[in-house]
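Peer 1: This is the structure, below, for whatever I ask next.
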Amino acid sequence: MLMLEKRPQPSKAWTLAAPLLAVVLTMICGGLLFAALGKAPVETIRTIFFDPLFSEFAWFYRPQLLIKGAPLALIAIGLSFGFRAGIWNIGAEGQYIVGAICGAAVGLAFYPTESFLIFPLMVIAGILGGVVWAMIPGILKVKFGTNEILVSLMLVYVAEQLLASMALGTLRNPEGMGFPGSRNLAKYDSASSWISENAGMHWGVVAAFIAVIFAYVILSRHQFGFNVRLAGQSPRAARFAGVNPKLLVLVCMGISGGLAGAAGLFEVAGPAGQISIDFNVGYGFTAIIVAFLGRLHPIGILLAAGLMALTYIGGEIAQSNLGLPGAAIQLMQGMLLFFLLMVDVLTNYRLRFGKGATV
Amino acid sequence: MTLKSILAGATIAASLSTTAFADDPTKVGFIYVGPVGDGGWTYEHDQGRLAVQEHFGDAVETVFVESVPEGADAERVMQQMALGGADLIFTTSFGYMDPTINVAEKFPDVMFEHATGYKQADNVSVYSARFYEGRAVQGHIAGHMTESNVIGYIGSFPIPEVIRGINAAYIHARAVNPDVEFKIVWAYTWFDPAKEAEAANVLIEQGADVILQHTDSTAPQAAAQAAGNVVTFGQASDMAEFGPFPRVSSIIDNWGPYYIARTQAVIDGTWVSTNTWDGIGAGMVGIGEISDAVPADVKASAEALRDSLASGEYHAFTGPLNKQDGSVWLAEGEVADDGTLAGMNFYVEGLTGDIPQ
């Protein structure tokens with residue numbers, strides 16, 4: 001008989017091995033899926049996971065990985081603080097949108113003045129926008145005990161409506177012939193977040209790497225990182241250790257909101273270029289997967305963001321070159337999270353064969 | 001002598017066959033905003049792609065990527081197609097406009113065709129269909145069919161293309177039924193079955209017994225079917241599976257002939273940047289079979305309207321027409337010019353509510 005026995009401590013080896021095993025299982029089952037669709041499984045897997053890195057056109061795809069991965073990493077790093085402390089901000093997508101709107105509004109207000117001060121001001125506005133949007137569920141939780149999962153999620157839809165109204169009204173390009181959408185910030189030198197478009201470098205990529213380093217230092221070396229971990233593992237112990245749970249909620253919401261807002265600003269001022277009705281493409285939600293895939297660890301998140309970016313870009317290549325349906329790619333991305341959660345059982349439980357063992 | 005001519009002939013034949021062999025098939029790429037199975041907009045573009053494939057056979061290779069978000073992702077997918085050797089790329093949604101222009105700058109040897117936009121370049125053509133002609137026919141039928149005199153309209157985004165459709169439908173509904181009232185819901189999506197169904201239900205609850213949609217899924221059709229007594233029209237695609245009732249007719253986008261012509265132009269080396277805006281007459285817009293749920297006299301008058309639009313004898317925007325605020329837009333007998341239509345951002349007189357700003 002097969003039995004599960006709870007480990008006294010989560011296994012260190014499995015914590016590291018689980019994501020890798022999940023990726024391997026995804027490749028195998030994804031391959032079976034592709035074979036069932038009548039595509040060569042090995043070639044398809046190779047197209048998705050290796051072509052963006054090593055094919056003839058890798059010079060084009062590698063920078064694209066940075067562009068696609070940076071917002072994911074930036075948002076996921078912010079989320080990881082709250083998730084470790086048991087504070088569930090599901091609405092990063094909304095904070096991302098509001099950050100983009102606030103940052104873009106500042107940039108557009110200065111158009112067409114050129115000054116090196118404009119971009120830093122936009123970054124500050126973007127961060128503040130995200131923080132303010134995250135403070136709504138934060139303060140409601142602290143003051144009235146509302147559920148931050150629901151409130152932050154619902155605020156995503158509010159943010160989407162706000163975005164539509166901005167693209168159609170306040171921020172609409174006056175020279176856009178009546179079509180919705182703002183001016184293109186990427187083409188306005190003082191407001192552009194691009195450093196080098198061909199290299200895929202924009203300030204969001206730089207910010208993502210800086211965030212990883214800061215998060216690593218704070219979580220492993222700083223008292224605040226200790227408090228966060230303690231609050232997540234044992235809220236009672238944290239209270240005895242002098243952690244103020246309300247303050248912790250606000251700080252964690254603030255960090256995740258601020259980073260999501262910054263990601264939105266970097267995106268709107270660079271790769272996306274303009275505020276449009278459907279500016280957001282789900283980075284805030286995908287970042288939740290990235291955070292868990294990366295084990296809420298900064299380095300892990302960086303790798304996970306790279307992996308997710310890889311499946312997006314490789315998936316598009318597979319669609320275009322091999323005629324794979326788009327839904328098959330989404331299915332495979334879903335598999336990745338599914339297998340991770342499945343393999344996670346092994347981190348917390350031991351497999352026992354035979355009978356007699358009491359659980 | 002004979003041997004010589006045979007040899008010469010063989011050489012020519014050989015050289016011809018090698019050139020034919022060395023020439024890669026012309027590669028035509030398509031970028032879709034929805035899934036190919038949406039049953040509407042993207043489905044019809046994909047039908048156009050299949051028509052190209054069938055017409056040219058092995059001489060042309062077609063590729064596509066579906067559900068591409070408008071923005072940075074679209075730009076990447078287009079570049080990837082261009083790098084992959086595409087000679088001609090159709091970008092089939094309004095929001096691909098700036099990405100198309102950006103990528104076209106980087107690949108001057110690749111031809112681009114952007115649907116429903118207004119930015120052209122040396123290697124970027126724009127094309128669209130005069131869907132408003134089809135909307136005029138829909139409005140005519142809708143005005144006759146409604147008993148509650150409330151017609152619901154599911155708008156996608158408040159862009160000129162959609163506003164043109166609302167105005168054309170309203171003008172022709174009012175022409176046959178002066179008491180008709182339009183209720184407009186903006187879904188802010190091209191394809192989202194859940195949102196579209198919700199919009200349809202809201203309109204039905206508000207008393208609408210005819211629903212026109214400018215979104216791409218069949219969800220509003222299903223909602224109307226569930227309600228039982230609500231008339232709908234197929235959008236972009238025939239949606240015949242919902243006929244003969246609730247779906248009583250449809251606007252069908254027919255891109256195949258255009259796609260074949262443009263592909264041929266690339267093969268022949270005669271492709272130049274153009275601005276195409278064709279309607280019922282050129283066959284780019286089709287009116288789906290008007291079902292028997294529509295009274296015979298209405299069907300006949302709707303078909304007469306369709307034919308007069310096709311022949312160019314009648315224009316869907318013919319004065320006298322006033323703008324919503326009562327100011328004169330078109331005098332008696334005057335027809336709208338394409339420039340005004342292309343950037344249309346006002347309702348005609350009689351429509352209530354504001355265009356979202």
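These residue numbers are counts, starting from 1, taken along the chain as shown.
In case you wondered, yes, glycine gets a Cβ from its N, Cα and C as well.
Straight from TrEMBL, here's the annotation block:
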type	residues	note
TRANSMEM	A:12-37	transmembrane segment
TRANSMEM	A:65-83	transmembrane segment
TRANSMEM	A:95-111	transmembrane segment
TRANSMEM	A:117-137	transmembrane segment
TRANSMEM	A:149-171	transmembrane segment
TRANSMEM	A:200-219	transmembrane segment
TRANSMEM	A:247-266	transmembrane segment
TRANSMEM	A:272-292	transmembrane segment
TRANSMEM	A:299-315	transmembrane segment
TRANSMEM	A:327-346	transmembrane segment
Peer 1: Residue list, the transmembrane segment (A:95-111) vs rest of chain: Cβ under 8 Å, 6 or more residues beyond ends.
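Peer 2: For the transmembrane segment (A:95-111), the sequence-distant neighbours (Cβ-Cβ under 8 Å, at least 6 residues beyond its ends) are 71, 75, 89, 118-119, 121-123, 125-134, 156, 159-160, 162-163, 166, 170-171, 182-183, 185, 188, 190-191, 256-257, 260-265, 267-269, 272, 274-275, 279-280, 283-284.
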Peer 1: Please check if the transmembrane segment (A:65-83) comes into contact with the transmembrane segment (A:149-171), where contact means 3 or more CB pairs closer than 8 Å and the residues in each pair are separated by 6 or more positions.
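Peer 2: Contact absent: fewer than 3 Cβ pairs fall under 8 Å.
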Peer 1: Same chain, outside the transmembrane segment (A:327-346) by at least 6, Cβ under 8 Å from its Cβ: which residues?
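Peer 2: Same-chain residues near the transmembrane segment (A:327-346) but 6 or more away: 4, 11, 14, 18-19, 21-23, 25-26, 29-30, 33-34, 37, 48, 289, 292-293, 307-308, 311, 315-316, 318-319.
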Peer 1: Does the transmembrane segment (A:272-292) make contact with the transmembrane segment (A:117-137) through 3 or more Cβ pairs under 8 Å, each pair 6 or more apart in sequence?
Peer 2: no
Peer 1: Excluding the flanking five residues on each side, which residues at least 6 beyond the ends of the transmembrane segment (A:149-171) place their CB within less than 8 Å of a CB in that stretch?
Peer 2: 88-95, 97-98, 100-101, 104-105, 108, 133-134, 136-137, 140-141, 180-182, 275-277, 279-280, 284
Peer 1: Give residue numbers and ranges for long-range contacts of the transmembrane segment (A:299-315): same chain, 6 or more residues beyond its ends, CB-CB under 8 A.
Peer 2: 19, 23, 47-53, 61, 64-65, 68-70, 72-73, 76-77, 80, 208-209, 212, 216, 286, 289-291, 293, 324, 326, 329, 332-333, 336
Peer 1: Residue list, the transmembrane segment (A:247-266) vs rest of chain: Cβ under 8 Å, 6 or more residues beyond ends.
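Peer 2: Residues 70-71, 74-75, 77-79, 81-82, 85, 87, 89, 92-93, 95-104, 122-123, 125-135, 137-139, 141-142, 148, 193, 202-204, 207, 211, 224, 227-228, 231, 238, 280, 283-284, 287.
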